[in-house]
Amino acid sequence: MVKPILYAFKKLNYPYFPSGSSLTEWMAFVPGYTSYFSFPSSEANHLTHNSGYSGVATFVRENSNGRPWATEVTLVNDVSEIFAKDLFDHLEEDSLFEKRWSGKFKWNIDDDHVSWRQVDREGRCIVTKHAIRIGDTDASHFNEWLYIFNLYCPRNDSSRPDRELFQLKFYHLVERRIRALFDDSSSCNHVIVVGDFNTAHGPIDVYNDVEFSYLGSNSRIWLQELLNQGKLVDAFRHMNGDVTGAFTCWNTQIGGRHTNYGSRIDYILVDRRLCPYMHHCSHLTKVDGSDHCPVIAQFDDQI
């Protein structure tokens, strides 16, 4: 079996990864791979009661063309190795966000204020920048850039209404950064987004579509609109069509994995221009150890 060039992990929960303080050598230094971690910041005061709440990690195979040229764990900071070094205008983002979502909440946006920096401090994102070659370019010449977003998106907790606002603000930050990379005319950029989106795209992505009560939920609307822009493609659906019963997450407390009572909330979204180089995308449902299963996509060695 060919060793994957890149692994993306998320939801690095307590007790193993409490804000990185318990990260040990055997966890971080996997033979043959270089690792990159993002944990909740000490500024995430709202998470002090739950230090292992989130976190993501990307492992890239050494001695491969996939080694990143740069990495980033923030979507907001003014100084960045990947994103444009312009000031993040919080007021402008507030205005754009309110214009898009005002009236679509059960409460007033201003009533439950969640700052952009608070959204950015939960250790939910790693972006890596890779040099790739496309087309008939000489094998030694990498002529384009690939940005891989490894995400663990917030969950919309019905018991905490403010978390829907938090979730949508995180989506907003991710989408703004993706758009900026696509719109950058100074270089040829490609984007792949992987991770737990914490929302099912459509009725086909849940066990019982009759129970798909959040068909019109804001999170599903956001995901649909992101795909409607035509830049990114749902890799699994692109390769497998409308196959049913294809889930990535199950309620293990009720044995949902054994009965396949689940949902598909983990995705690989691929730049449409890279689809011709993708061989397959599948769910590794026989891999245990979590209430989620891995999602894998394979591309030409050319990339």
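Cβ from N, Cα, C; glycine included.
Annotations in TrEMBL come from automatic prediction, not curation.
Since we're looking at a predicted model, the values are computed, not measured.
Per TrEMBL, active site is recorded for Tyr152. Under the three-state DSSP scheme, Tyr152 (active site) falls in the strand class. Other Cβ atoms within 10 Å of the Cβ of Tyr152 (active site), summed over all protein chains shown, number 25.
Counting only same-chain residues at least 6 apart in sequence, those with a Cβ under 8 Å from the Cβ of Asn198 (Mg(2+) binding site) are Cys153, Pro154, Arg155, Asn156, Gln167, Ser219, Ile265. The Mg(2+) binding site annotation in TrEMBL covers Asp196, Asn198, Asp291, His292.
Taken from TrEMBL, the feature active site, proton donor/acceptor covers Asp196.
The site 'Transition state stabilizer' feature in TrEMBL is assigned to Asn198. DSSP gives Asn198 (Mg(2+) binding site) a coil state; it is part of no helix or strand.
The annotation active site, proton acceptor is assigned in TrEMBL to His292.
Marked as site 'Interaction with DNA substrate' by TrEMBL: His292.
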DSSP state at His292 (Mg(2+) binding site), helix/strand/coil: strand
Cβ atoms near Asp291 (Mg(2+) binding site) (within 10 Å, other residues, all chains): 14
Spatial separation of Asp196 (Mg(2+) binding site) from Tyr152 (active site) - C-alpha basis, Å: 5
